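Following: one structure in structure tokens, then a few remarks.
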Amino acid sequence: CKIPANAGNCNNHQERWFYNSHNRKCETFLYSGCGANPNNFKSEKQCESTC
């Protein structure tokens, strides 16, 4: 949860959630569909329960 979100480099854009450790909250970002890191969640609830 402390690493920055990684949008990846593919073209299958989808909204995902990541934990922003600077703001101390889960936020959305556009994920490309590949190249994810562990700070990548399908829902806000999943992000909040993990981080």
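Just so it is clear, glycine is given a Cβ too, placed from its N, Cα and C backbone atoms.
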Disulphide partner cysteine [Swiss-Prot] for Cys51, chosen from Cys1, Cys10: Cys1
Disulphide partner cysteine [Swiss-Prot] for Cys26, chosen from Cys10, Cys47: Cys47
Listed disulfide-bonded residues among Cys1, Cys10, Cys34 whose Cα sits within 10 Å of Cys47 (disulfide bond): Cys1
Local Cβ density at Cys51 (disulfide bond) - other Cβ atoms counted within 10 Å: 17
Cys1 (disulfide bond) versus Cys26 (disulfide bond) - Cα distance in angstrom: 10
Disulfide-bonded residues compared (Cys34, Cys47) - the one with the fewest other Cβ atoms within 10 Å: Cys34
